[in-house]
Amino acid sequence: MKAEFLTPVVTIFDEEGNLDKEGNKKVYDHLIDGGVDGLVIMGSTGEFFNMSMDMQKELIDLVTSHVNKRVKVFIGTSRMCINESIELSNYAHNSGADGVMIISPYYFSLDDDSIELFYSEIAKNTEAEIYLYNYPDRTGYDLSPELTLRLARKHKNIVGYKDTVTLMGHTRDLINTMKIEFPEFKVYSGYDENFIHNLMSGGAGCIGGLSNLIPEVCSKWAEAYNNRDMEKVIEIQKYINKAMDFYLITNHLYQQ
């Protein structure tokens with residue numbers, strides 16, 4: 001499986017809290033010029049939780065028209081209301097997105113049966129390719145490898161998974177569980193530093209936030225791995241290990 005580094009894209013707002021269209025276009029161009037393999041819009045980094053449905057649709061229109069198939073575009077269509085997730089997934093698909101990425105409801109701690117029902121209902125009601133989004137630190141529960149396998153067996157449009165966990169053992173178990181029946185099922189890590197471990201375990205790569213800042217480094221990392229230039233791979237790994245400190249300075253609340 002070809003190594004890929006995708007960007008969970010930041011969203012630019014103006015001082016009134018509206019979308020800064022020109023600012024967002026500049027970000028997309030910056031990332032594409034930097035060589036990333038795709039853009040993931042309205043993930044956690046993109047602050048989907050701060051947007052109304054109308055704003056989300058506006059951003060979908062903006063990114064799909066501006067990127068215009070230069071790279072793959074995946075849309076985060078997570079909503080607390082299942083019908084809204086279905087509506088937004090269909091809107092993204094009809095707008096030309098390459099797939100949707102969905103985190104399950106994050107207020108109640110759900111059991112596996114409830115999680116399966118949530119994703120199944122969406123999968124039955126959209127033609128979009130779906131990537132499950134596992135982020136236990138935010139939802140309070142885990143999308144287990146066994147649950148993921150059941151969902152993939154039931155729905156052919158569930159094609160991948162983003163695993164935002166620090167423990168690579170979890171990601172490796174997921175890859176091993178899926179690869180026998182679904183060798184093309186794509187598993188991405190959500191932390192940049194796990195990129196190479198993911199690939200060497202049989203995964204697809206990373207959807208990592210540092211690529212907003214250093215897309216050319218992250219794209220060169222994927223290129224080096226695909227070319228089996230392990231000296232370069234190790235060199236960039238050491239650089240990324242230091243760059244991970246950027247995550248420590250984030251304040252999730254904006255103050256004027």
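The backbone N, Cα and C atoms fix where each Cβ goes, and this holds for glycine too.
The following features are taken from TrEMBL:
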BINDING   Thr45, Ile207  pyruvate binding site
ACT_SITE  Tyr133  active site, proton donor/acceptor
ACT_SITE  Lys162  active site, schiff-base intermediate with substrate
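On the structure: features taken from TrEMBL.
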| residue | record | CB count, 10 Å |
| --- | --- | --- |
| Thr45 | pyruvate binding site | 21 |
| Tyr133 | active site, proton donor/acceptor | 26 |
| Lys162 | active site, schiff-base intermediate with substrate | 29 |
| Ile207 | pyruvate binding site | 31 |
(Q) Between Lys162 (active site, schiff-base intermediate with substrate) and Tyr133 (active site, proton donor/acceptor), how many Å separate their Cα atoms? (A) 5
Q. How big is the gap, in Å, between the Cα of Thr45 (pyruvate binding site) and that of Tyr133 (active site, proton donor/acceptor), rounded to a whole number?
A. 13
Q | For the residue listed as 'active site, proton donor/acceptor', the three-state class that DSSP assigns | A | strand
